[in-house]
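Engineer: In case it helps, TrEMBL gives these features for our protein:
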- Lys41: active site, proton acceptor (ACT_SITE)
- Tyr266: active site, proton acceptor (ACT_SITE)
- Arg138, Met314: substrate binding site (BINDING)
- 245-373: domain 'Alanine racemase C-terminal' (DOMAIN)
- Lys41: N6-(pyridoxal phosphate)lysine (MOD_RES)
Amino acid sequence: MNQARVPRAEAVIDLGAIRHNVALLSGKAAESGAATMAVVKGDGYGHGALPVAKAALAGGATWLGGCSLDEALALRRAGITARILSWLDIDVDFGPGIEADIDLTASSRRELARIVAAARVTGRAARVHLKIDTGLCRNGCPEYEWPGLCADAADAASFGAIDVVAIWSHFACADELGHSSIAAQAKRFDEAYEVAREAGLHPLRHLANSAATLTRPEFHFDLVRTGIAMYGCNPVPTDDDLVPAMTFRSAVALVKRVKAGESVSYGQIWTAERDTTLALVPVGYADGVPRTLSGRMDVWLDGQRRPVVGRVCMDQIVVDCGDHEPAIGAEVELFGTGHDGAPTAREWADTIGTIDYEIITGMYRPRVTRRYVGEVTP
Ligand SMILES: *Cc1c(COP(=O)(O)O)cnc(C)c1O
């Protein structure tokens, strides 16, 4: 008997898959002469920012991207020496970021002024990426303020307070092939670049997310910022060999036989049509199984897909096994690589009308343990 304790909810992260995916993506970027930034915000899209960062660097990424300065500093403190860009904070003190050699984003003149002030206090030049809003209307500098931002940046650079590393922007619809906004944003990006050049700046450029990295080499510029694809989820219909890195699994806790006519779980939304065997699996919406998947999901158990019946509860789901009797402790795969037609995070997302980003990132929760597999030499 295997005496190892079976975890009730476990995200198995295949670092080899991340390394493989990054090698594929950075290979495409390199064909355009671009470097690759591995985006590890949201604790590495739920996979764990630090192990993902190491695997991505082993796979050929040379930059890391985190949303907040805190995320960037955590990687630095953990010994990561690669370039790290951070892009969104509320009036943070940029000093520690400058001291830790983090590349910082300025989305406004106000933000740049704060970076410059922090650089003066620190006595070191801050590395700055100027972000232009080309149509996403989220963060990024509005066009009307851009000439001023570039002028301020050129001025601060002239007295050594900052290095202007790059200008950058972000696509709204790169995952919708041929969407008219893609060309429109690229055009605004070109115009923003001209303004920066006229201000005397010689910045690098970066614009592409995963979707644009896979489908629009003309927008690779100097650096691509890949997120979702390096976790093995393809945002566009290409046949690139991306391998989902996260497998969400649990195990059978209880098996019982019920008679035809018995109903399962809250609300009794499912009733057995014939005598059947039910397997109880101790994961639920507290572990990242959306309740909206009730009656609309399968798991992989003992070599085949089997339906989850009745409502998804906070801590439990019930699988209809027909006349098959699984062993207590038998592995239950909720989603993973999609081997043999097994469920994927994408399938969950499609079923409930969201994106796989939300599914995998949502696995970052206290009750789900993470286990890393796949050899990665840092
Ligand atoms: C999240 C993010 C990315 C990565 O996007 P994917 O679609 O996951 O590749 C790139 N750039 C910025 C600014 C982001 O916020």
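Just so you know, the numbers here start at 1 and follow the chain as drawn.
Cβ coordinates come from backbone N, Cα and C, glycine included.
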Engineer: Using a Cβ-Cβ cut-off under 8 angstroms and a sequence gap of six or more, which residues of the chain neighbour Arg138 (substrate binding site)?
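Structural biologist: Within the chain, Arg138 (substrate binding site) has Cβ neighbours under 8 Å at His170.
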Engineer: Which value does the mean pLDDT take for the domain 'Alanine racemase C-terminal' (245-373) in this predicted structure?
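Structural biologist: Value for the domain 'Alanine racemase C-terminal' (245-373), mean pLDDT as a whole number: 97.
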Engineer: Using DSSP, would you call Lys41 (active site, proton acceptor) helix, strand or coil?
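Structural biologist: Lys41 (active site, proton acceptor) sits in a helix per DSSP.
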Engineer: Other Cβ atoms within 10 Å is the metric here; tell me which of the active-site residues Lys41, Tyr266 scores highest.
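Structural biologist: Counting every other Cβ within 10 Å of each candidate, the maximum falls on Lys41.
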Engineer: Measure the Cβ-based neighbour count of Met314 (substrate binding site), defined as the other Cβ atoms within 10 Å of its Cβ.
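Structural biologist: Its Cβ has 12 other Cβ atoms within 10 Å.
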Engineer: Given Met314 (substrate binding site) and Tyr266 (active site, proton acceptor), what distance in Å do their CA atoms have, once rounded to a whole number?
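Structural biologist: Met314 (substrate binding site) and Tyr266 (active site, proton acceptor) have their Cα atoms 11 Å apart.
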Engineer: Between Tyr266 (active site, proton acceptor) and Lys41 (active site, proton acceptor), find the distance joining the two CA atoms and give it rounded to the nearest Å.
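Structural biologist: Tyr266 (active site, proton acceptor) and Lys41 (active site, proton acceptor) have their Cα atoms 36 Å apart.
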Engineer: Which of the three DSSP states, helix, strand or coil, fits Arg138 (substrate binding site)?
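Structural biologist: Reduced to three states, the DSSP call for Arg138 (substrate binding site) is coil.
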Engineer: Count up the helix, strand and coil residues in the domain 'Alanine racemase C-terminal' (245-373) according to DSSP, in that order.
Structural biologist: 26 helix, 45 strand, 58 coil
